[in-house]
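Trainee: In case it's useful when we look at the structure, here is the feature table from TrEMBL:
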- A:T322, A:Q361, A:I362, A:E363, A:Y401, A:F427: L-phenylalanine binding site (BINDING)
- A:E403: Mg(2+) binding site (BINDING)
- A:220-480: domain 'Aminoacyl-transfer RNA synthetases class-II family profile' (DOMAIN)
Amino acid sequence: MTLTNNERRVLDALAEGDGDTDAEALARTTGLGRGPVEGAVELLAEKGYVNVDETAETLYKLTDEGRGYADDGLPERRLHDYLVENDDVTTDELRDVEGFEIGIGHLRRKGWAEMGATVEPNEASRGDDEEALEALASGENVDGVPETLVDRGLVEREEERTVNVRITDEGRESAEGDDRGTVGALTHDLLASGDWKDADLAEYNVEADAETTHGGREHILRQMANRVKEVMTDMGFQEMEGPHVDAEFYINDHLFMPQDHPARTHWDKFLVEEPQRIDELPDEAVENIRNVHREGAEGGDGYHSEWDRDVARTLNLRGHTTSLSMRYLAEGVEPPARYFSVDKVYRNDTLDPTHLLEFFQIEGWVMARDLSVRDLMGTFVEFYSHFGIEDIEFKPHYNPYTEPSFEIFGEHPETGEQIEIGNSGMFRREVVEPHGIDEDVEVMAWGLALERLLMLIYGFEDIRDVHGTLCDLELLREVPVLWN
Amino acid sequence: MAVVEADPDELRRLVGRDLSRDELVDELFALGVEFEGEGDDGLEFEVVPDRPDRLSVEGLARSLRYQFGDDRGVRVPEIGRSDYKIRVESVPERPYIVGAVVRDIDLTGGVLDSLIQLQEKLHATLGRRRNKGAIGVHDLTMLKGEEFVYRGIDPDDESFVPLEIGDAGAREMTPREVMEDHPVGKEYARILEGAERVPGIYDDIGMFSFPPVINGKRTEVREDSRDLLVEMTGTDEWTVDKMLNILVYALSDRGATVEEVEVEYDDRRALKPDLSTESKTVTHDRIESMLGVEFGTDDVVDLLERSGMDAETETRDGATAYDVTVPPYRTDVMHPLDVVDDIGRAYGFNEMEPRYPDVSTVGGLTESTRLENAVRKQLVGLGFQDLLSFVLTNDDDCYTRMRRDAPDDGVRIPNPYSEEYDVVRSWLLPSIVSVLANNTHRGYPQNLAEVGFCAVQDDDENTGIREETHVAAAVSGTDAGYEGAKSRLTSLVDDFDATVGTPTTEHPSFIDGRAATVVIDGDDAGVIGELHPEILAEREILQPVAAFEFEIDALRS
């Protein structure tokens with residue numbers, strides 16, 4: 001009969017010894033752990049090579065606290081002693097005796113004292129608990145330790161399980177007998193010595209389950225980000241990068257967001273404690289932005305509110321990556337151009353299963369002469385089709401920085417519902433004119449949350465499972481990879 | 001976003017069409033007004049902030065009548081003459097007031113509620129929570145005299161009886177008492193914070209209104225009020241003009257007649273409401289190129305009229321253009337392209353065929369992304385599970401629990417969503433330790449890595465903050481130790497054709513004698529070591545952890 005390596009080692013150890021021992025001793029002699037030994041013993045027992053006999057013994061052990069009381073007496077005993085030694089003791093006076101807080105309850109429960117204006121001691125004979133405590137302290141094992149000691153945490157009870165193993169005749173036969181030659185693992189020694197030629201390689205149960213190997217893998221949200229980046233670059237988009245902490249100048253003012261816009265209030269954005277403001281802003285750009293806020297773009301009107309350079313210098317954790325688009329436009333981009341980013345944004349808003357304080361925004365824009373809203377629509381239809389989202393609809397919408405603007409709706413790949421999957425529009429002249437962009441050049445842009453796309457594709461219900469430190473490793477290890 | 005509640009029967013009556021509930025919802029959706037759900041007194045709709053003229057059942061009905069073509073072009077209500085006048089006397093902090101007299105309004109059957117709703121919604125949106133503009137509506141018959149005075153007053157010197165809210169009010173109070181004791185006063189006192197003088201409006205009897213806080217009880221409007229004085233005060237004249245216009249249009253749609261009020265400043269006089277229209281010029285080419293649709297000129301004029309505008313065709317330099325008249329209740333038409341948006345909406349954006357733009361560009365990733373991806377790929381090859389943790393954390397997780405003091409150059413959030421997220425992380429290992437701590441019930445070994453964002457203050461940067469990408473990795477499990485971490489670190493750095501050294505160092509997060517500086521190509525780039533057992537025990541991670549972290553830029557060579 002074929003034995004595993006562990007079984008073979010245990011059986012050999014038994015045969016070499018007197019054939020009657022326990023699992024603990026076997027673990028020592030074989031060098032295997034107690035667990036593997038017991039596993040092997042169980043298998044050997046099934047084959048009839050060993051007899052197994054389990055016994056359990058209850059052991060009691062003093063805790064540190066219990067040991068202290070064994071030396072100094074239980075707190076209630078100490079209180080009682082004090083009462084016997086002193087007359088007319090009040091509760092307040094007794095309070096000063098060490099162990100009062102613990103002892104007073106037990107004192108009353110055991111009926112060792114009467115509580116009145118003064119505390120008067122009763123007769124208090126030595127109890128079973130005190131006997132047991134003393135015996136345990138002197139190293140004796142005590143039968144029937146009172147439960148109260150365990151409950152009070154003075155004594156710990158341990159079950160010691162002994163697995164006695166005795167080799168059978170069949171076992172001894174096997175250890176000495178014919179199938180000595182079967183070999184479990186093919187080893188370096190067998191190969192180097194040439195002994196493998198004579199070895200009888202044991203049959204394995206090839207249908208048995210094997211433990212799952214968890215190799216390294218990319219985070220599922222990162223896979224999604226990279227999939228999106230792949231689609232974007234395939235569509236001719238060049239990636240952007242830039243600061244997470246940026247001046248409101250780029251986050252809001254460039255987007256023609258009036259400085260008194262409700263979304264620019266203190267509580268919607270993450271401020272920075274130190275430094276609070278960007279060093280400097282380019283003067284010319286500041287003038288261009290100020291003018292467009294106050295006077296509007298050519299042929300239009302501005303806002304009816306003040307524009308303050310210091311507000312524009314205020315640093316925020318960016319609420320959107322459109323700040324990157326603005327920085328690129330400010331640097332000067334010639335049409336035609338396509339740019340994108342998939343990067344973190346921060347919203348001081350809500351934290352719940354579908355909203356995070358920080359998430360990845362997919363941002364993209366196309367700049368070319370004579371672009372129309374139909375080109376914008378065509379771009380999105382193409383983009384979303386790569387993620388299985390069809391039947392795109394465009395709901396007219398309002399953004400301070402785009403006109404026309406659309407919320408993009410698409411059919412949920414699983415449920416078939418129409419759901420919002422992005423926000424888009426043509427940048428207003430007030431946004432592009434400060435960068436000297438010609439009037440016949442349009443810039444269309446859109447944005448959406450990467451997490452939202454991931455949740456749609458995988459049906460995740462709580463985004464915190466996959467983004468952040470609350471992630472479940474099992475989910476990260478087992479979620480199917482994204483390739484399609 | 002503002003949510004407006006509309007009684008569907010009222011909406012049908014004002015539109016003049018017997019529409020089903022679904023038809024109402026669909027037609028409004030086509031206008032960009034989304035159905036939110038059933039409210040207590042009707043259907044709730046979300047109105048986007050560019051169209052405050054739709055913040056009432058009257059405004060929604062007006063838009064629908066244009067949508068159906070039942071109304072066309074600009075309609076301006078006729079304004080009658082009146083002898084009413086408001087004199088302005090030194091109100092520097094809230095300098096503007098406008099007003100109108102409204103007659104023969106029937107406020108029964110929910111009209112008063114609708115008026116109150118519009119007033120509240122305008123306060124919340126255009127009025128910027130009454131800061132920029134605030135509305136007062138009064139029963140005209142309760143006012144004595146035809147000349148009112150708007151003046152700045154000492155908040156302790158004057159008194160009036162404010163509107164009753166629950167148990168508050170209905171007694172003589174000074175403006176200061178209102179701001180301190182009256183629930184409405186307490187809510188809006190912030191607008192007047194620090195002001196020595198507060199605004200008051202007077203008739204021949206005395207003060208009857210305390211804008212922008214509360215009206216007096218004397219002139220309270222009831223369902224049986226027939227004639228009204230509407231006044232608006234604010235910090236910006238354009239804003240209060242527009243708010244008044246929107247209110248006047250709504251009342252006029254309800255059959256009221258409107259009369260002017262003269263406002264007399266020290267240096268000028270103005271007749272209000274100012275219902276003058278504005279005009280914008282847009283070329284035919286611009287409309288076609290923006291929408292990608294070919295139109296006849298008649299089509300454009302028709303679409304504009306169905307948007308509530310008027311258009312005259314003209315020829316400029318041989319090209320067709322439109323002189324477009326914009327009605328006085330529109331606040332969103334700032335640029336000729338806003339007119340094009342209205343044409344698109346009237347035409348129907350979903351009628352347009354998407355097309356892929358015939359524009360050729362070359363795509364690509366940034367160098368940073370290429371480097372990060374390469375590092376991640378090597379880490380995964382070395383058996384690490386890639387992680388993606390939050391950038392926002394707190395001192396406790398990021399430093400204290402790592403046995404470190406919070407550094408002075410950290411980036412902190414003064415107004416966090418919660419104390420849990422008030423620090424921008426300056427290193428990644430705490431994130432990895434948190435993941436380990438949250439997953440002690442999962443199988444070991446747990447080899448985890450992150451390539452992620454960190455930031456610290458730095459005067460040399462334009463923003464004053466240096467943003468870095470770090471690489472961090474940890475091995476955890478029975479056999480995990482310094483050697484395992486170092487062998488992986490060495491392998492990773494080798495992959496980038498760089499050399500790594502690990503001179504001994506001391507670091508509070510690591511065991512003494514098992515910590516080293518990560519030196520890449522001669523520069524200090526990070527740290528490696530076995531995590532201190534105190535950190536592990538406190539997080540109940542019962543397996544040893546060895547880890548390293550360094551700045552990714554050290555690999556660029």
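One is the number of the first residue shown, and numbering goes on along the chain from there.
Note that Cβ sites are derived from N, Cα and C of the backbone, with glycine treated the same way.
The shown structure was predicted, so the numbers you read here are calculated from the model rather than taken from an experiment.
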Trainee: Can you tell me the three-state DSSP label for A:T322 (L-phenylalanine binding site)?
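Mentor: The three-state answer is helix.
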Trainee: If proximity means a C-beta under 8 angstroms from chain B, which of A:T322, A:E363, A:F427 count? These are the binding-site residues.
Mentor: none
Trainee: With A:E403 (Mg(2+) binding site) as the reference Cα, tell me which of the binding-site residues A:T322, A:Q361, A:I362, A:E363, A:F427 is the closest one.
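Mentor: Result: the closest of the binding-site residues to A:E403 (Mg(2+) binding site) is A:F427.
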Trainee: According to DSSP, does A:Y401 (L-phenylalanine binding site) sit in a helix, a strand, or coil?
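Mentor: Its secondary structure by DSSP: coil.
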Trainee: Provide the number of Cβ atoms within 10 Å of the Cβ of A:F427 (L-phenylalanine binding site), excluding the reference atom itself.
Mentor: 26
Trainee: Could you say which of the binding-site residues A:E363, A:E403 has its Cβ with the most other Cβ atoms inside 10 Å?
Mentor: A:E403
Trainee: Under 8 Å between C-beta atoms and at least six apart in sequence, can you list the same-chain neighbours of A:I362 (L-phenylalanine binding site), or say none if there are none?
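Mentor: For A:I362 (L-phenylalanine binding site), the qualifying residues are A:V228, A:M232, A:F340, A:S341, A:V342, A:G447, A:L448, A:A449, A:L450, A:L453.
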Trainee: Given a separation of at least six residues and a C-beta threshold under 8 Å, show me what packs close to A:T322 (L-phenylalanine binding site) in the same chain.
Mentor: A:I251, A:L255, A:E363, A:Y401, A:A445, A:G447
Trainee: State the count of C-beta atoms found within 10 angstroms of the C-beta of A:Y401 (L-phenylalanine binding site), not counting that atom itself.
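Mentor: Counting Cβ neighbours of A:Y401 (L-phenylalanine binding site) within 10 Å gives 21.
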Trainee: Including all protein chains displayed, how many Cβ atoms other than that of A:Q361 (L-phenylalanine binding site) lie within 10 Å of its Cβ?
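Mentor: There are 21 such Cβ atoms around A:Q361 (L-phenylalanine binding site).
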